[in-house]
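The structure under discussion appears below in the form of structure tokens.
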Amino acid sequence: MSVKTLKHKRSQTFLRRLAAFLHRRHGLVLFCFFVLTLFFAGFAAQLEQKTTVRDLLPADNEVVRRFEETVQHFDLIDRVVVAVQFEPEHLESAEVFAELLVEQVEAQPESAQYFHWIRANLLAAGQRTNWHAFLKYLTRLMPEEHIPDLAKRLSPEGIAARVAENRRELESGVAVKALIEKDPLNLLEFAGGYRNEIAGNYQISFNDGFLVSKDDRMLVILAKPTDSPENVDFSVALTDFLKGQIEITKQAFAEEEGLDADTVFSIGLTGPHPITAIENSIIKGDVVSMFLSSFAMVVLLFSLAYRRPLAVFYVGIPLFAAQIWTLGSGYLLFGRLNLMTATFSAIIVGLGIDYAIHIFSRYLDERGRGKVAKEAMETALAETGLGTFVGGLTTALAFLALGFSDFSGLREFAIIAAVGIFFCLLQMFVLLPCMLFFREARRRNTEFKPRAQWDFHLEVLLKAILKFPRTALALLIAGTLILLVQAVQLRFNTDLRSVRAKSNEAINLQSEITNKIGGSLRSLTFLLEAPTEVDLYAAHDKLVPVLRGLKEEGKLVRWDSLLSFLQSPRAQTRNTASLRENGLNGDQVREAFKAAMEAENFRETEDSTRYIENLAAGLDAGGAISLQDILATQSPFVRPFLSRHDGKYKALIHVYPSSGLWDKNAVRALTQDLLDRVGTKGDTQIHVTGIQTISEELKRLVKQSFQYSTLLSGFLVIAIMWYHFRKPSLMMLTLTPLLMAVVWMLGTMRLLGIDITVLNFVATPLIIGIGIDDGVHIVEKYLHRKSNDTAELVKLTADCGKAVTLTSLTTIFGFSSLFLANYSGFRSLGLCAILGVFFCWLGSVIMLPLLMDVFNVRFVRHGVSHGNEPVD
């Protein structure tokens, strides 16, 4: 007896003893499993569902580290956008509504928990800033070309003329009193260039301070959240809060304007926070529906196939327990589920039922032959259990192959799926037999009544195909070659819109806004760093002409940089010297302002006094303002743009592309163009950071993980097949249908226009792990044949094929819950998996018999010799 045969017999002996033990102690085992299920259920209840892409990436990744460092030091959080859409004749009403909404939000005590600020009118927001304090620095931070005009404005004659103009405007009713009190010398006029920078090349009107599309059909309100959209609970709470305030504002608007806001406006939210909140709701709903629908469909199909109502409990309870155990283990291992691990329930249900089918089918067959329950289960586990265990082990290892990746989301998915497979095997090898023994012990009528099972008419199908085996095999090979050509042309797509729900109105609104205003409201983020202020300003001066050129070329609409509003210490010194050459000083300006106010009978107020005192102090200040001085103010206007850490000054530049950030090719080209033109070197560097870098890193990891995990899972499957069969011909026989199925699946994806995405790429290693099971069962059954004629081949394949067909159907039903989900990524994964499972069935039940017949495979098991045939 060979070592291989000896090990096989020992495995069978162990499984027979396991069946005997379970028969004796099934009550105790059931109680232990019940207690363990309660134990795992306690942990499963604490499991948190994460729904952001960031949760898929490793924390120690350099790109992720740089992004999180930038977020930490610069408070890099994208804005929330409220979009009000209307007909042009309702523009003024929309402006009223926007101001009411801002007032309503700001009046709420909890507003500060959610927003740093919310703005409808940017000019009004600017007037509420500490303008007086800024006047101290105005003369030093103003662009050098404006200094002559400023000197003329601050001369005694210029001050007298401006104050006189204020009097005329007030008397004519043209001017607003609050604006004159805020800025009596109209120094805000020198910010006109900055206003143009804010508007950029957007197709928006900015005359009244509101951001309105050029066609007067959309007004946008901007808000800066206090926390990252990665905080899902915060995003949900913020979105709910803002929606509630919008509803309250609608009522206030109706009372003030006498109009129903719902009939006049269409109001929507977008930005990362609303998108995250809506995605979270969709995904959580999908997770529950996937679990319930997959469980119900698979168990119902199982019951109908065996025509036994109690089969619902025989397989339903072990499957449910396996789910609970896996969820509990997920909490103990990771404390959460991510986007990828959220799909595990459909996968576990679809695969776990397969193990039950093979064991339960053989048990019923043996009971039908007259064996008592104990003997029937011993035979079922001994004859079918080994192949089932090898198939399950292969699937689990194929999943674990995914874990050898830098892609942490994939690694968590791999481990949880492998643990789930192990628990499914454990439940079907232990809990299922115990439940059957428990039922048999309490059955009043001990007579077993065989019931017809679905045979799917496989014998008829196989007989028809085997009449022309070479022709049928040639057609399958030709189809494989054709689809192989398609498969190698598959693209990797990391555009997150490809996996998100089409029903997410926040995503749809974001695209609509980009089209409406001619550019993205979300920015590319570049980090400029240098060891000294001089180097940072020099690098920025080199960058600005590049940005202007790209703006003129229409590749970007605008950019934000604090350094564009500051002047280098050298330029500040020149400004101070120029003003002194014009004879300007603080005392002169004070006296001229006081005289002008008296001449026009204006009363000096607290605001006007602070205004002129701060302006005078700025004129008398001698030293330049350093970046260190600016950082020391800890102003909320500075933090999003400027920082100093790790021994370097660092500045953020926000660049707004003409196309949305979703247009990855355009964004990639713009980024590379800018980096190439700037060409920094030495200690002065410019890096691209922000969420777009996460997306690019995701693409790299997906592509790398797809290739690596597919190769590794394939290698593990080959190794296990070699260990199991120890014959190259049998190994190749089992692997060929699997190879065909993978090629057909990938080729069909290409024909259907399905790209490889961040979620569906796991379908390939998944199918490699699942698909090998069918081949193993068919080949194992064939090795137990009693003759080599075609009739025996048809009979054995049809007998085993019934179970394989049913397992394929139940797996397809399990994956169909993914296909029916709202989340596009789940649907794509579900469709790919359904295709893969179907093609695995086609390869195992159709192609394998053809290969056996055409190539006359003659190996057998258990020393059954047929003349000169080799014996295993």
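Cβ atoms are placed via backbone N, Cα and C, with glycine included.
Values in this document were obtained by computation on a predicted structure and should not be read as measured data.
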Of the residue ranges 20-45, 826-851, the one that TrEMBL records as transmembrane segment: 826-851
Interface present between the transmembrane segment (705-723) and the transmembrane segment (313-334) (three or more C-beta pairs under 8 A): no
For the transmembrane segment (413-438): best-contacting stretch of 287-306, 340-360, 380-401, 705-723, by Cβ pairs under 8 Å: 340-360
Non-local residues, at least 6 beyond the ends, that sit with Cβ under 8 Å of the transmembrane segment (287-306): 49, 312, 315-316, 319-320, 323, 337, 342-343, 345-346, 349-350, 353, 356-357, 360, 364, 451, 453-454, 806, 809-810, 813-818, 820-821, 826
